[in-house]
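A.B. asks: So Swiss-Prot says this about it:
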| type | residues | note |
| --- | --- | --- |
| COMPBIAS | 1-19 | compositional bias 'Basic and acidic residues' |
| REGION | 1-22 | region 'Disordered' |
| BINDING | L117, A118, G119, G120, K131, Q205, G231, D262, K386 | UTP binding site |
| MOTIF | 117-120 | motif 'Substrate binding' |
| BINDING | N232, K416 | substrate binding site |
Amino acid sequence: MDRSESAESAESRRRRAEESGQGQLFRFWDELSPAEKEALLEQLEMLEPRELREHCQRAREAYVRESSAPQRLDDRMQPVPPEFLGSVRHSGTGELERWEREGFHQIAQNKVAVLLLAGGQGTRLGVTYPKGMYSVGLPSAKTLYQIQAERIRRLQQLASERHGETCTVPWYIMTSEFTLGPTRKFFEDHAYFGLERSDVVMFEQRMLPAVGFDGAAILEDKAKLAMAPDGNGGLYRALSDNRILEDMEGRGIQYVHVYCVDNILVKMADPVFIGFCVSKGADCGAKVVEKGYPAEPVGVVCRVDGVYQVVEYSEISPETAEKRNPNGALTFTAGNICNHFFTVPFLRAVIGSLEPRLNYHVAIKKVPYVDNEGNLVKPTSPNGIKMEKFVFDVFQFAKNFVAFEVLREEEFSPLKNADTADKDTPTTARRALLWQHYRWARRAGTHFLDETGSPIRDSHSISGEGDPPAVCEISPLVSYFGEGLESYMKDKDVSSFPFVLESSDAGPVPV
């Protein structure tokens, strides 16, 4: 093809792209090199003119709609009925052990997988790499990815010991254009943290253009649209795009535990949760925590017009948020923590015909852009719309939905913000894990001593804020959730800190 034919082809492709009504994307066209023109056209052609036009219109309309007073759902809401709500706190030991046995049975039969939602960057943390690569400052310096990988390894070991057969819990990791490359390299550099490489399956979710408040797609440089992952609800399209369910079905997987990367306390494929859901015959389930206070800005799992969904705190009036049962507990108290159970047939139904019914949600963000002079601008206030789907919006399709309440201090401490914020920071995540390990060690019979050899007294709150009385970290390879520590720690005197119990064959190691 000669240069004139190439130019004609580029111009005709440009005209087709302009059918999207987004002609402003070509305002630097004459300044672009042939390679830059090709890159811009390829990006636009992946979107299709009609889809881009509809996406920008939808974003603009959603922004206008959500900028108005939020729609209140109070009169349409009902709490999760007691018969569909399990609880760690309100269940007897026998019942919890029965669910745990069922969960371990399914894990030992190679029927359980975990699926990590890891498409987001650590922007709010102040880093440019994936959140899973972040270290919150533990004595061991382990990252979120390493902690989670080691929990899977320990869980496989526990299930195998119980049932006398080797088992595998495959780990599916949904990444994005931003996180796939760094995540894959990180795992390769760390030998997949001891997991079989074939049992760690990474796949990529779709990207959508960021849109300005005027409905125009945003350029992040002269030849590139600003793009963002399509939310954690992009999972369902990604499962289809990458044939992930086919992989699961080929392995005999029947149950999938889905969770977000940023919860340092997450129990991977929690046998109690899995067993509860399987025992109830659930096709879809959610772990929840009790709301800390009525106005806590957390979504609530409940029924709306008879179907299950997560209602955002902005959709509930203060009066409804403060409503209480006769026993004094909040009526709408099931706080969503993005920790879910799905059967593979349920996921198959979602990607088969139900996914298009999921609504998009508006996220108002600060989106870097090029101004009319071609200069890169990093805005100090929100200037753009990112459209997202939410993973939990499929609850409405469940035929048998259940919820399972767990203790916040044992299972939920998200990492979202830099340490300049008040909550959900590296410091709060680190403290949550160290407090948990301190409690485990004390229950196992460990004696923590100060520099004079005197016992360190527990603080007034053993679930507390601030640092624990003694800094103690327990490797997930030693204990998944506090089990089996007596042989290492019962009647042990520990006086050198920080203290790390690193592996089941190494014994206690002061750092």
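Placement of Cβ uses the backbone N, Cα and C atoms for every residue, glycine included.
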A.B. asks: Please state how far apart, in Å and to a whole number, the two most distant Cα atoms are among L117, A118, G119, G120, K131, Q205, G231, D262, K386, the recorded UTP-binding residues.
C.D. replies: 20
A.B. asks: Residue list, the motif 'Substrate binding' (117-120) vs rest of chain: Cβ under 8 Å, 6 or more residues beyond ends.
C.D. replies: 130-132, 173-176, 178-179, 183, 205, 229, 232, 234-235, 258-261, 338, 391
A.B. asks: Based on DSSP, tally up the residues of the motif 'Substrate binding' (117-120) by helix, strand and coil.
C.D. replies: 0 helix, 1 strand, 3 coil
A.B. asks: Express the predicted model's confidence over the motif 'Substrate binding' (117-120) as a mean pLDDT, rounded to an integer.
C.D. replies: 94
A.B. asks: Given a 10 Å Cβ-Cβ cut-off, pick out the one of the binding-site residues K131, K416 that has the most other Cβ atoms nearby.
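C.D. replies: Ranked by Cβ atoms within 10 Å, first place goes to K131.
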A.B. asks: Within 10 Å of the Cβ of G119 (UTP binding site), how many other Cβ atoms can be counted across all chains shown?
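C.D. replies: Result for G119 (UTP binding site): 30 other Cβ atoms within 10 Å.
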A.B. asks: Long-range same-chain neighbours of L117 (UTP binding site), Cβ under 8 Å, sequence gap at least 6?
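C.D. replies: When sequence neighbours closer than 6 are ignored, L117 (UTP binding site) has M174, N232, L235, V258, Y259, C260, V261, C338, V391 within Cβ distance under 8 Å.
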A.B. asks: Let me know the DSSP-derived helix, strand or coil state of K386 (UTP binding site), please.
C.D. replies: strand
A.B. asks: On a C-alpha basis, identify the one among G119, K131, G231, K386 that is nearest to K416 (substrate binding site); the candidates are the binding-site residues.
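C.D. replies: Result: the closest of the binding-site residues to K416 (substrate binding site) is K131.
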A.B. asks: In sequence order, what residues of the same chain, 6+ apart, have a Cβ less than 8 Å from the Cβ of G231 (UTP binding site)?
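C.D. replies: Non-local contacts for G231 (UTP binding site): H361, A363, M387, E388, K389, F390, V391.
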A.B. asks: Enter the number of other CB atoms within 10 angstroms of the CB of N232 (substrate binding site).
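C.D. replies: There are 21 such Cβ atoms around N232 (substrate binding site).
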A.B. asks: Test of understanding: give the count of other CB atoms lying within 10 angstroms of the CB of K386 (UTP binding site).
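C.D. replies: Excluding its own Cβ, the number within 10 Å is 23.
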